[in-house]
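Participant: Before anything else, here's the structure in question.
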Amino acid sequence: MQFTSREIRELLAAWLALSLMFSLSFAPLRYTSVAYSLLIVGTAFVLHELSHKFVAQHFGRAAEFRIWWSGVAIGMMMALGTFLAFGSGGVLFFAAPGAVYVSPLFVGYGYPFNPRGFARGEGLISFAGPLTNLALGVVFRVLTLLTHGGLVYLFIKVSSINVFLGFFNMLPIPPLDGQKVFAWNKAVWAISALILFALLVV
């Protein structure tokens, strides 16, 4: 995968912003909360976005991450507001600080456009991110059963944040990934969304 300097800067900025939001949900809130959050969000958010980029490039599409400053501002205000109102246990926020933007599909002269193939490509590119979060959520949930001590808390956080991001992004509303996955394959959307929801509430 290739990255531009702007893409790297904006990915790091979004990573930091989302980490600050999630750090407010750590109890008790300490300076180490941000460090833990940076580590955990690094696995959840960054790998989510890189999965989109990897699959898009597999389909021959140019793909680059762009930060969404309005989403960052909304998320920060929601996180801080709910933290002040309800404490760490009640932190809620809009977790969409940016996205991987994929170039339009070019169809050459003499090659008919295939709507079904286009929807499949868009669906797979969009599904790559939540699927990565689902896989990480399951892996770290299993690891909590195999470890003891402080690692259990860390693995629970890694799992829960991955599951939260995966479920949030599978909501079938634009511009979230779930909208394109739903348009491509409703069965895939329903099964994955149900699994993520089950992991979220258990």
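Any Cβ shown, glycine's included, is placed from N, Cα and C.
Sharing the features that TrEMBL gives for it:
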DOMAIN    150-182  domain 'Peptidase M50'
TRANSMEM  12-29  transmembrane segment
TRANSMEM  67-86  transmembrane segment
TRANSMEM  92-111  transmembrane segment
TRANSMEM  123-144  transmembrane segment
TRANSMEM  150-171  transmembrane segment
TRANSMEM  183-201  transmembrane segment
Participant: Give me the mean pLDDT over the domain 'Peptidase M50' (150-182), rounded to a whole number.
Facilitator: 93
Participant: Find the member of 12-29, 67-86, 183-201 that has more C-beta pairs under 8 Å to the transmembrane segment (123-144) than any other listed stretch.
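Facilitator: Selected stretch: 183-201, with the most Cβ pairs under 8 Å.
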